[in-house]
Amino acid sequence: MKIILLGYMGVGKSTLGNALAKELEINFIDLDAYIEQKEGKSISDLFVNKAEISFRKKETNYLKQILNHESSFVLSLGGGTPCYANNMELINKYSKNTFYLKASFQFLSKRLYNEKNVRPLLQHLKHLDEFEDFIRKHLFERQNYYFLANFTINVETQSIENNITQILNQLN
Ligand code: S3P
């Protein structure tokens with residue numbers, strides 16, 4: 001079984017993925033952690049000198065590696081993974097169990113503002129207004145890709161346990 005969780009930064013993909021994998025007694029893979037381990041560098045270091053394009057190529061290659069070689073897992077993607085290189089098409093080819101973890105931009109902004117300095121895409125945003133504005137627009141653009149997942153789980157209004165139950169009830 002291949003279960004794939006996607007959604008915006010800070011929505012809780014890794015926390016939920018880890019708990020879900022434990023419940024199902026299958027492997028949990030966090031794509032960011034997988035890339036960091038294979039490259040021997042942090043995600044922030046891989047973004048250095050605005051090297052986002054080279055990061056996106058690596059991200060797609062490691063995604064393919066996981067989809068091709070691992071048989072049963074819960075995989076949490078990076079927030080941008082679905083939005084590049086036809087990755088959603090690829091993901092949906094490999095699995096019917098694709099879940100968009102959804103939350104509002106207000107909820108995500110609150111969560112992300114305090115940790116923006118460790119996030120390469122958010123570091124440059126200084127003030128809360130500017131920050132919220134960026135998240136609102138960015139989330140709006142990215143949702144076009146996120147909604148290509150087979151299921152949407154609203155994580156903002158429910159506990160992790162309820163999110164897990166909802167996912168378990170929809171597995172194919
Ligand atoms: C990114 C999200 C990050 C990480 C990288 C880029 C994005 O992952 O892959 O910093 O483009 O949204 P998380 O969503 O796990 O924070």
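Numbering starts at 1 and runs along the chain as it is shown here.
Using N, Cα and C of the backbone, Cβ positions are placed for all residues, glycine too.
Here TrEMBL flags Gly10, Val11, Gly12, Lys13, Ser14, Thr15, Arg119, Gln158 as ATP binding site. According to TrEMBL, the feature Mg(2+) binding site maps to Ser14. The substrate binding site annotation in TrEMBL covers Asp32, Arg56, Gly79, Arg142.
Binding residues for substrate (Asp32, Arg56, Gly79, Arg142) extend across at most 18 Å, taking the greatest CA-CA distance. Taken in sequence order, the binding-site residues Asp32, Arg56, Gly79, Arg142, Gln158 that lie near ligand 1, meaning a CB under 6 Å from one of its atoms, are Asp32, Gly79. Taking every protein chain shown into account, Lys13, Arg56, Arg119, Arg142 are the binding-site residues, and of these the Cβ with the most other Cβ atoms within 10 Å belongs to Lys13.
Listed in sequence order, Gly79, Leu108, Arg111, Leu112, Glu115 are the same-chain residues at least 6 apart in sequence whose CB falls under 8 Å from the CB of Gly10 (ATP binding site). The Cβ of Gly12 has fewer other Cβ atoms within 10 Å than any other of the binding-site residues Gly12, Gly79. Per Cα geometry, Asp32 is the residue among the binding-site residues Asp32, Arg56, Arg142 nearest to Gly12 (ATP binding site). Listed in sequence order, Gly79, Leu101, Lys102, Ala103, Leu108, Val155 are the same-chain residues six or more apart from Val11 (ATP binding site) with CB atoms under 8 A from its CB. Of the candidate binding-site residues, Ser14, Thr15, Arg119, the one lying closest to Arg56 (substrate binding site) when CA atoms are compared is Arg119. Of the recorded residues, Arg119 (ATP binding site) and Asp32 (substrate binding site) place their C-alpha atoms 12 Å from one another.
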